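Let me give you the structure first, and then I'll get to my questions.
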């Protein structure tokens, strides 16, 4: 039995979340009556309202109205008034991943998992399949610039989704093709140990049907180890590793883009295909690897090399992934979602390769638990930044943890040899600090999953205003 076509109003609690908003939009486009609430007004809430979806700011029981089904994200507490009333009324309550899984049953599905790179890779897979005429439905964890949204209804037989492993619910998703970009220690508050994370990813691969396959990056040692433990399922490996089925070769990172070629070698004797002169308008080897994963899927689904080449060259990127927000005094300012040490290191390495000027990193650590559990890694992931400006921790509802805060990170960076790590007292002070640091050819990269994105977009104007005031 599949999701009924006739279903009463569906109420989303936390509809402004990036994952929830995408599901809500697709269900609205399928003809379901959708409504929802969020604690605060944001871009996604406004975007959904513009599409005719009834939205509420703030959580109140009366928002449920005549809803017959409630969808909740894992961020919603049990004492939420809307959730409490729904349970009092004995309404069905489903988690975000359960509803996503129901939508996936309508199509053949590609699910993109991994600690980092999921959103960009999901966007790239969607772009390549679209270029091949497959017209996929897409539900992503970030805004795809070409669509202006994180969700899109396609007329084709395929759906491409980002599979969020943070709470383990990605194991509910019925994928025909599974991508694993990497596996690092993250979300330990849920999993408890790195071994538990690795076990979850193994289960994710084991869940694919016998006619499906997994695309896995063997440049990452944990993923390569997992490949060796998977039995009875087809695996397509990718990476710079000379043993990869889809091998990334000759990566050239200059001018804010990536040039490379890819060699495809099937396990069938004698099969070999080389794609040369590939260009991705995004910097960083990590993004070239993401593109290689997407290319592997597109090739398997019959997309031509020329369509792949054209789509990669025209890729418009994803919001909050090395997104340029403006320029001041010849310095470029960027916004990036990177909040894990592996992500931060990759972004700063890409910035370093893209400019001959200085790289100034502005970081807002996200969650005390993440800073504490990965503290040593945070203290060593900023080597490619000439200057690191550390803002107060964005708590995301967590209580402070003694010894793991802004000042501890500044001290940790310095003790491990960084030459210029400084604390930011208030966001209002950022423009003045940058004005004394950045000049022509420099990159200012704002990093974090909190509200630092707002600082990144405000910074060019604030710097210009400072200049006018000084004049």
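Cβ coordinates are placed from backbone N, Cα and C, and glycine is handled just like the others.
Sharing the record's features from Swiss-Prot:
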BINDING   114, 115, 116, 117, 118, 119, 120  ATP binding site
Identify which of the binding-site residues 115, 119, 120 has its Cβ surrounded by the largest number of other Cβ atoms within 10 Å, counting every protein chain shown.
120
Below 8 Å Cβ to Cβ and six or more residues apart, same chain only. Which residues does that give for residue 118 (ATP binding site)?
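Those within reach of residue 118 (ATP binding site), by Cβ under 8 Å and sequence separation of 6 or more, are 112, 141, 162, 163, 164, 181.
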Residues near the ATP site, 114, 115, 116, 117, 118, 119, 120 excluded, by Cβ within 8 Å of the Cβ center?
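Here the nearby residues are 112, 121, 181, 182, 290.
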Including all protein chains shown, what's the count of other C-beta atoms within 10 A of the C-beta of residue 116 (ATP binding site)?
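Excluding its own Cβ, residue 116 (ATP binding site) sees 21 Cβ atoms within 10 Å.
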Looking only at Cβ atoms, how many others are within 10 Å of the one on residue 117 (ATP binding site)?
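I count 24 other Cβ atoms within 10 Å of it.
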